[in-house]
Amino acid sequence: MGTGSEKKYGGLDGFRIIAAILVIANHTSPLLSYDAFADFTLTRIVSRVTVPFFFMCTGYFFLQQIGTDKDKNFDRLLKFLYKVGKLYMLSILLYLPINVYAGYFTNQFSVMTMVKDILFNGTLYHLWYFPGVMLGVCICYFLHTRLSAIGAFLIALLLYGIGLLGDSYYAFAQMNPYIESFYQAMFSLFDFTRNGIFFAPVFIMLGGLIATYGKHDQTKRMSYTVGFVFFFAMMVTEGLLVHAFHLSRHDSMYLLSIPCMYFLFQLLLSMRIRSRRYLRNLGMYVYILHPMCIVIIRAMGKATGLTSLVVENSLVHFLLVTVLSFVVSVFAIILVKKIKKESSRAPDYSERAWAEINVAHLQHNVREIRRVLPKGCDIMAVVKAQAYGHGGWQIARYLQKLGIGHFAVATLEEGIELRKKGVRGEILVLGHTHESHIRQIARYRLTQTVVDAEHAKKLNDCKVKIHVHIKIDTGMGRLGESYHNIEEIASLYRYRNLYVCGTFTHLNAADSLEEPDVIYTKNQISRFQKVIEQLRAKGIDPQKLHVQSSYGVFNYSELNYDYARIGIALYGMLSSEGDKVKTHMELRPVLSLKARVVQVKQVEKGASVGYGRAYTADRDGKIAIISIGYADGMPRLLSHASASCLIKGKRVPIIGSVCMDQLIVDISDLDDAVQGDIATLIGVDQAECISAEELASQCSTITNELVSRLGERVKKVYRSDSIVL
Ligand SMILES: *Cc1c(COP(=O)(O)O)cnc(C)c1O
C-alpha cells in the first residue's frame, strides 16, 4: 500500500462505527419493549451483517499482504496472530471479574470447558470473535498459499455450507440421524458452528478476493448499491422464512449474506472516502467494551432504583449503553495512546550504536528556511550521501510529505534508490554520470547535470532522451562549462536528445564574510547573470535557475532564483562552529549520535589503556567501553583532542586511541555508570549538549564530513511522534 492508496478506506472506517452500534443492538434488543417482531428482525437478521463485515476487513487487509516470499508471509501470519492474541488475552482478563461474578468458575466449571471456551466459544458471549478470526485467518492462510483463489474460496464456501446446517438450517441436518449425530458430536466441542472454522473463512476469503481482483470502481457505485439493497432485502426475507418455518438452531448464518456482504463491501470501497484511523480503533474498542457498559448500566439502575427506566425500557437501555460505550472507548483510546507515548519516550534500544533522527526538527528547519527564502524560490533538498548520514530515501520521503518536490543527489545510484523507494518529483544528479548509464537515467526519470560540452555531446549521441540541467563554472573550478565559453554553453541547449530544464552554478566562498571572499562571490554571481543574459539575447531559455547552497542562503538571501540547493542547513547544522552568517535562522539539529556502555571496569594508577598504550591512568579510577569506533564514523583524530561524550547528563573525556569498533572514556568522576547506559556522542543529555559542530572542530573537519561518514553499522531511528503535518 503506497501513501496514495491509504486515503480510500473511509467508507470501511465509517461502517465500523455502524457495525459497532449494531452489535450493541444485538446484545441489548432495543425494540423489545415495543415490538418483538421488529426487534427480532433488527437483532437476529439485520445486525448479522456486522461480524461478516469485520471478517472481510481482516481478509481484505491481511490477505493482500501475502505474496510469494514464504518466510515473509509466515512472519505476517505470526504478527497478526500475536496482535489479535494479545488483544484477546487482555479482553479475557478484563472480563474475568464478570466471569467470577456470574459464577463461571462455580457452575459446572471444568478445565475442559475453559479450554473449549478459550479456543472456540469465547469466555464471554462476544469474545468468540477473537479465536474465530484467528482460526479463520489460519485456515485462509493455509488455503490461500496452497490453492488457487477460486479453489480456496470454494473450500471456504463448503465450510460455510456445513456451518449453515448447524445454524439457521439445522432442521435439515436433523432429517438424517447420521448427520444429526455428526453435528451433535461437533457441538460437544463448540457451542455453535458460527466460529472460526465454518463461519469466518468464507468472509475472510471474500475480503481477500476483493483486495486482489476487485477494481474499486467509482463508476460502479450505482450497481453496488442496487446489488446491496436487493440482496439485503433477500437476506432479511430469508431470515424471516427460516424463522417462520422454525428451521434454525441459532441465527447467525444466512445463505444470502454472502452476496449481500460482497455488494456492501464493494459499495463502501467505491465511496473512496479518506481513511479515518481513529474510527478504525473506535469500532474495535466499542466492540470489546460494550458488555462492560451493559453491566455498568444495570448496576447503576439497581443502585439508583431506576431499573424500570434504564434497563427495562429497551430503547433507553440501548441508547445509554451506546453512549457509555463510546465515551468509555474514547477514554480508553486516549489512555492507551498516552501509555504508548510514555513508553516510547524512554526508548530501550538494544543497538550498539545508533543515530536518532528527529523528523520534527527537520520539519522545523524546512519552515525556517522557507521563511527566509524569497517568494518564488523553492527548496531543492540536497540528500546526497544518505542525506548527510541521516538516511537518504527516508529523509526524502519525509521532505516529500512536507511538500518538497525537488531533490539533488551526487550519484546515479543515489537517484535510483530514491525512485525505488517512491520519491516523486525532480531528482537532479549533481555529479558526472558516464554516458553508458544513460538508459538508467531515462528509466528512473532522473535529471542529469551536464558538466561540460564534451559530456553533453556524448550523452546526446546515445540517442536516449533525458532531462538535464546545465552547470556553469563561475569560479569554483570544479564541474561545469566555464563561463567564458559562451558559444559552447549556447550549443548545449540545442541537442535533440537533451531536454534542458535548468541552468546552475555553485559558489565556493559563500560561507565567508571576509571582504575579498564577498567580492569574489558577487563576481561569481554576476558572471552567472551575464551568461544567462547572453543566452537570452540569443533566444535561448535557460529554464530554471539555481545558485545558492545553504551558505548562499545564509549570506545572500536576497538572491531570487528558482531554487536554492539546501543541504547542511536542512539538517540543522552549520558547517563549522561559530560561523558568522548574515541571515539568522533558528535551526535545530536533526541528528543525535548514541552508543552504549558495554563494559565498566576499574583501572589502577599507572595502568595503560588502549592501543599503543596511548593513555596511562594518573589515578585509581574507572573506565567505560563505548560501542562505537572509527568504522562507525568517530574519527581516530579524536584520540588526543580532549573530546568527550555524555553519560547520564555529564561530560566524560574520551581517552586513549579511538578503535575501529570501540572507544574508551574515563568515568572516574561518575559514580553510577553501568553497562547498558547510553553514551551521547552528538546531541543532548539532560542539561549537557555536544553539537556536531563541536565534535567536527575537535577532529579538524566540518560537520558535513563528520555526519556523511557515519558508518553503515549505525542504525537510524526515526522519531516522528511529534511531527505535525
Ligand atoms: C552538496 C552540494 C550542495 C549542498 O550544499 P550545502 O552547503 O550542504 O547546503 C549544493 N550544491 C552542490 C552542487 C553540492 O554539491
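Cβ from N, Cα, C; glycine included.
Note that the coordinates shown come from a computational prediction; the quantities given were computed from them, not determined experimentally.
Per TrEMBL, the features are:
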TRANSMEM  12-33  transmembrane segment
TRANSMEM  45-63  transmembrane segment
TRANSMEM  84-104  transmembrane segment
TRANSMEM  124-143  transmembrane segment
TRANSMEM  150-172  transmembrane segment
TRANSMEM  192-214  transmembrane segment
TRANSMEM  226-246  transmembrane segment
TRANSMEM  252-270  transmembrane segment
TRANSMEM  282-300  transmembrane segment
TRANSMEM  315-336  transmembrane segment
ACT_SITE  K384  active site, proton acceptor
MOD_RES   K384  N6-(pyridoxal phosphate)lysine
BINDING   R478, M660  substrate binding site
DOMAIN    590-719  domain 'Alanine racemase C-terminal'
ACT_SITE  Y611  active site, proton acceptor
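Below 8 angstroms of C-beta separation, residues 13, 16-17, 19-21, 23-24, 27-28, 54, 87, 91, 94-95, 98, 124-126, 129, 306-307, 310-311, 317, 320-322, 324-326, 328-330, 332-333 of the same chain, each at least six residues beyond the ends of the transmembrane segment (282-300), sit close to that stretch.
In the three-state DSSP classification, K384 (active site, proton acceptor) falls within a helix. Here the transmembrane segment (150-172) has long-range neighbours at 139-140, 143-144, 179, 183, 186-187, 192-195, 197-199, 201-202, 204-206, 209, 239, 242, 245-255, 258, meaning same-chain residues at least 6 beyond its ends whose C-beta is under 8 angstroms from one of its own.
With a cut-off of 8 Å between Cβ atoms, the residues of this chain six or more beyond the transmembrane segment (315-336) that come close are 20-21, 24-25, 28-31, 33-34, 278, 281-282, 285-286, 289-290, 292-294, 296-297, 309. As a quick check, the transmembrane segment (192-214) and the transmembrane segment (45-63) clear the bar of 3 or more Cβ pairs under 8 A, pairs 6 or more apart, so the two touch. The Cβ of R478 has fewer other Cβ atoms within 10 Å than any other of the recorded positions K384, R478. Same-chain residues lying 6+ beyond the ends of the transmembrane segment (12-33) with a Cβ under 8 Å from its Cβ atoms: 39, 42-43, 46-47, 49-51, 53-54, 57, 60, 125-126, 264-265, 268-269, 273, 275-277, 279-280, 282-284, 286-287, 290-291, 294, 312-315, 317-319, 321-322, 325. Most Cβ pairs under 8 A with the transmembrane segment (252-270) among the ranges 45-63, 124-143, 226-246 are made by 226-246. Between Y611 (active site, proton acceptor) and K384 (active site, proton acceptor), the C-alpha separation comes to 35 Å. Spacing of R478 (substrate binding site) relative to K384 (active site, proton acceptor) is 17 Å (Cα to Cα, whole number).
Secondary structure from DSSP puts R478 (substrate binding site) in coil. The list of residues near the transmembrane segment (45-63) in space but at least 6 beyond its ends in sequence, with Cβ under 8 angstroms from a Cβ of it, reads 12, 15-16, 19-20, 22-23, 25-26, 76, 80, 129, 133, 136-137, 140, 144, 194, 199-200, 203-208, 210-212, 232, 235-236, 239-240, 251-254, 257, 260-261, 264-265, 287.
In the structure as shown, the Cβ atom of M660 (substrate binding site) sits within 10 Å of 13 other Cβ atoms. Tertiary proximity for the transmembrane segment (226-246) is limited to same-chain residues at least six positions away from its ends with a CB under 8 Å from its CB atoms, namely 40-41, 44-46, 48-49, 168-169, 171, 254-257, 259-260, 262-264, 266-267.
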